[in-house]
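The following features are taken from Swiss-Prot:
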REPEAT    251-284  repeat 'TPR 1'
REPEAT    349-382  repeat 'TPR 2'
REPEAT    458-491  repeat 'TPR 3'
REPEAT    517-550  repeat 'TPR 4'
Amino acid sequence: MSSQVIPALPKTFSSSLDLWREKNDQLVRQAKQLTRDSRPSLRRQQSAQDTLEGLRELLLTLQGLPAAVPALPLELTVLCNCIILRASLVQAFTEDLTQDLQRGLERVLEAQHHLEPKSQQGLKELWHSVLSASSLPPELLPALHCLASLQAVFWMSTDHLEDLTLLLQTLNGSQTQSSEDLLLLLKSWSPPAEESPAPLILQDAESLRDVLLTAFACRQGFQELITGSLPHAQSNLHEAASGLCPPSVLVQVYTALGACLRKMGNPQRALLYLTEALKVGTTCALPLLEASRVYRQLGDRAAELESLELLVEALSATHSSETFKSLIEVELLLPQPDPASPLHCGTQSQAKHLLASRCLQTGRAEDAAEHYLDLLAMLLGGSETRFSPPTSSLGPCIPELCLEAAAALIQAGRALDALTVCEELLNRTSSLLPKMSSLWENARKRAKELPCCPVWVSATHLLQGQAWSQLKAQKEALSEFSQCLELLFRTLPEDKEQGSDCEQKCRSDVALKQLRVAALISRGLEWVASGQDTKALSDFLLSVQICPGNRDGSFYLLQTLKRLDRKNEASAFWREAHSQLPLEDAAGSLPLYLETCLSWIHPPNREAFLEEFGTSVLESCVL
């Protein structure tokens, strides 16, 4: 690029430039001082806002003059300082920042008389016009590269990666056909150094380039972790860890590396990275959550639950206000983790639920019951609006939490407490149910409005029946199981692809069938306990008709037929059942409360009995 002759400055203008530069330098020092300010957050924020206003006023003064090359380095530097401080204050890149960038580029073209009147060029076109100008003065390059780095930051944060690639190719002097590897382009970019004396800048182009480099490596690594490109994710995450990585981001990177190694089948190495993440010390929630997953993979239940307990504590701790950031840092360029990402930590209540559910699943019913009660106390707070149908897929909805809590209480032998939870749930959901007389006619219409409500109420009656059964109150248990079945046989399955994860599990055809089977077998067992085998037989037979191949139902049906001395019917049923394909395991696709209910009716000697019965049938056939 050839330099152009710069006319001598009038003495008064030169003096004004010196004053304006001093003003810029003073404001920059003021902004940097705020990072060491120990005053309360609101006062620091106000001071930063005042500094930004000072920079904006200075910028308006400079932009109010005719565009001139001698003043442009200062003007562009002030513009960069405004953008950096503004983005730091709001911790985001708002759309109006593009107007500032556009105005800065237009001023560069105006100074060189290259801007056409009433030009409507976009940012891409303006950058091309500025950077391809043959007469671009060298003294403008440092400030222009800083402005370009802010443009790069904006485009990365808004996922305009093609525009960013083209800009970097132009800055590197590359042709369009050259490398499109953003990581390589960022490494190749070497912003020119400022010549002394130059106006102070909050963050120069080289610093911003390093931020971009680390942020892009993080973004790529995190995304590849989600999509399953684990070797590429590992490579990018190592790149990020070796770069300009602030502590909060380093925790995420080490945790992501741990998740990557866990998925690659290296849990022990994963723990090493998670230990490093904990040593960084800014936040321990994320590595603790990942550690619980690693310990679960290793089968170390005690360590898994301990990690989850520490996670709940970590998320409940109050954090002191962070120091003010007057710079653009890597965090600003990282999107919020997707709920499906291993880097999504969630809230304290979500962590508490995870702990409670894992306690229930691993046989620690007493602990599970206490955790569920704590969780419900935390979430409910007297608000009935939380019992509306779920709208997100982030874990179970409140009614399902109540059902899980009741199941945990029954499992822990606390039937009366379980009844209390169930009564509370019924009180809060009864107003959402249509009247029984009109339920059948309105089933389809109501299913669209309140798709899970009939299932919630049915499951509540099932759990109440189990609680009464534990208390040896057969009459009440039979009544609850019957109410459950009456409602269930009026409930229609829904499209499993619609709604949240909570809705899909509770409304699926498989879930409804299993819920009916659980209620029928539970009622049948109460009939058996009261000596009414004929009524029990009817329920057991209906359960295997609903779910052909269900081995629990088959066990109870065969036992009852045997007790009633109906051996021929039992043999015929066994032969028919034996010819059917085994029922697929529905575990994992069912709500946790239902899995727990099904575990209660699962006879421990089922397989031995069925095998022995089958052998006797075959022997009788031979004879």
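Cβ from N, Cα, C; glycine included.
Put simply, of 251-284, 349-382, 458-491, the stretch with the most CB pairs closer than 8 A to the repeat 'TPR 4' (517-550) is 458-491.
Counting residues of the repeat 'TPR 3' (458-491) by DSSP class, helix then strand then coil, yields 28 helix, 0 strand, 6 coil. Counting residues of the repeat 'TPR 1' (251-284) by DSSP class, helix then strand then coil, yields 27 helix, 0 strand, 7 coil. The repeat 'TPR 2' (349-382): residue composition by secondary structure is 28 helix, 0 strand, 6 coil, according to DSSP.
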